[in-house]
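S.K.: Heads up, here are the entries from TrEMBL:
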- 1-359: domain 'FMN hydroxy acid dehydrogenase' (DOMAIN)
- Y24, R165, H254, R257: glyoxylate binding site (BINDING)
- P77, T78, A79, S106, Q128, Y130, T156, K230, S252, G308, R309: FMN binding site (BINDING)
- H254: active site, proton acceptor (ACT_SITE)
Amino acid sequence: MALVSVRDYEKRAHEIIPRNALDYYRSGAGDELSLALNRTGFDRLRIRPRMLQGGSTRDLSCTVFGERFAMPIAISPTAMQRMAHPEGEVANARAAASRQVLFTLSTISTSSIEEVATATPNAPKWFQLYIYRDRQLTEELVRRAERAGFRAIVLTVDAPLFGLRRADMRNKFSLPPHLTMANFVGKAASIRSQGGSGINEYIAEQLDPTLSWDDVKWLLGFTNLPVIVKGILTREDAIIAADLGVQGIFVSNHGARQLDSVPASIEALPEIAAAVGGRVEIFLDGGITQGTDVFKALALGARMVFFGRPALWGLAVNGQAGVEHVLDILRNELDLTMALAGCKTLADIRKEYVVHENYYSKL
């Protein structure tokens, strides 16, 4: 069967990836209500297309923090990518570089900061940061990212502990023995089940559960890179973050893997964009599977839209080429959506182009 959509790649990847890794990648927290919402949240939005707008081509390029990208689609940080393909994060980063889009490396990656930097020396990359109990270790991660040429720090703030991930508990998830957390040595480099989910046990032991806004101030105080806080779902937290001086807010529910029953990222986006969109850059991930999703997120206030799982599916199916094809699919779908909706540039995609389905029940 020809692979012509992200869904096609997902189905094929589910046949390839070993169960331990697949369940880790695809599962959500609790009863997975929010995991379903990440999809249905987009489905409940309607595009209001405008006709006869003229123009035979579209400009999908965008600028973030002074850097120009080929399109407003980027790759989110996802952990342990060599479980999906032997080249893991290196292949994913190379795919992003080849398509002139942004790649974000996870702290708990199976390829190191330096490996990814060497593989994509001139390509823009961001580094996702967890704050460890060992603050010296945490600061050194940031310094390594700075030295390696990463362009921003994405601080995950919604994971002082990992959520209730039942699939990992049932599988007693462990990182395959031939892989390690490549950014670490010693105990911090290993994820082995002690009877439950190995990743939850690792996080409980290594990360600081007392994470607070003071830690955001601490990070802002010693790095000159832009700081983006990832995991914001309310206007209240968005305002606090903007007041502290962060340069970006990542509207995200962590792939619905932390607290179940939280809103879909796309549901939370409008209130956050309205509260601080004029002060900081707004990004979104969660539930992106097609170009219409990207269009909807841009209309509701996102500057750039990120995805994680689709890149893993592409990676599992065909390595770097698979991720490149996933990016091409999304680009072509966004371009077609813009053409049929009457938008020639990203600036044309305004909030009046997208409404909730209830809009039509009130007419």
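For all residues, glycine too, the Cβ spot is worked out from N, Cα and C.
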S.K.: What whole-number Å value do you get for the CA-CA distance of R165 (glyoxylate binding site) and A79 (FMN binding site)?
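M.R.: About 15 Å separates the two Cα atoms.
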S.K.: Might you list, by sequence position, any residue in that chain lying six or more from R257 (glyoxylate binding site) with a Cβ less than 8 Å away from its Cβ?
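M.R.: Residues satisfying the criterion: S27, G28, A29, L35, F162, G163, R165.
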S.K.: Write out the long-range same-chain contacts of T156 (FMN binding site), meaning residues 6 or more apart in sequence whose Cβ is under 8 Å from its Cβ.
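M.R.: Spatial neighbours, sequence-distant, of T156 (FMN binding site): P77, Q128, L129, Y130, K230, G231, H254.
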S.K.: Could you tell me the maximum Cα-Cα distance in Å between the residues recorded as binding glyoxylate, namely Y24, R165, H254, R257, rounded to a whole number?
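M.R.: Across Y24, R165, H254, R257, the widest Cα separation comes out at 13 Å.
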S.K.: May I ask for the distance between R309 (FMN binding site) and Y24 (glyoxylate binding site), taken between their Cα atoms and rounded to an integer number of Å?
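M.R.: The Cα atom of R309 (FMN binding site) is 11 Å away from the Cα atom of Y24 (glyoxylate binding site).
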S.K.: Mind checking which of R165, H254 has the fewest other CB atoms within 10 A of its CB? They're the binding-site residues.
M.R.: R165
S.K.: What is the pLDDT of the domain 'FMN hydroxy acid dehydrogenase' (1-359) when averaged and given as a whole number?
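M.R.: The answer is 96, the mean pLDDT of the model over that range.
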S.K.: Please work out the number of neighbouring Cβ atoms within 10 Å of the Cβ of R309 (FMN binding site), leaving out its own Cβ.
M.R.: 22
S.K.: For the binding-site residues Y24, P77, A79, S252, work out the Cβ neighbour count at 10 Å and name the residue with the minimum.
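M.R.: A79, out of the binding-site residues Y24, P77, A79, S252, has the fewest neighbouring Cβ atoms within 10 Å.
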S.K.: Rounded to the nearest angstrom, how far is the Cα of Y24 (glyoxylate binding site) from the Cα of A79 (FMN binding site)?
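M.R.: About 10 Å separates the two Cα atoms.
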S.K.: Pop the Cα-Cα gap between Y24 (glyoxylate binding site) and S252 (FMN binding site) into the table, whole Å please.
M.R.: 18
S.K.: Please give the greatest C-alpha separation between any two of the FMN-binding residues P77, T78, A79, S106, Q128, Y130, T156, K230, S252, G308, R309, in angstrom, as a whole number.
M.R.: 20
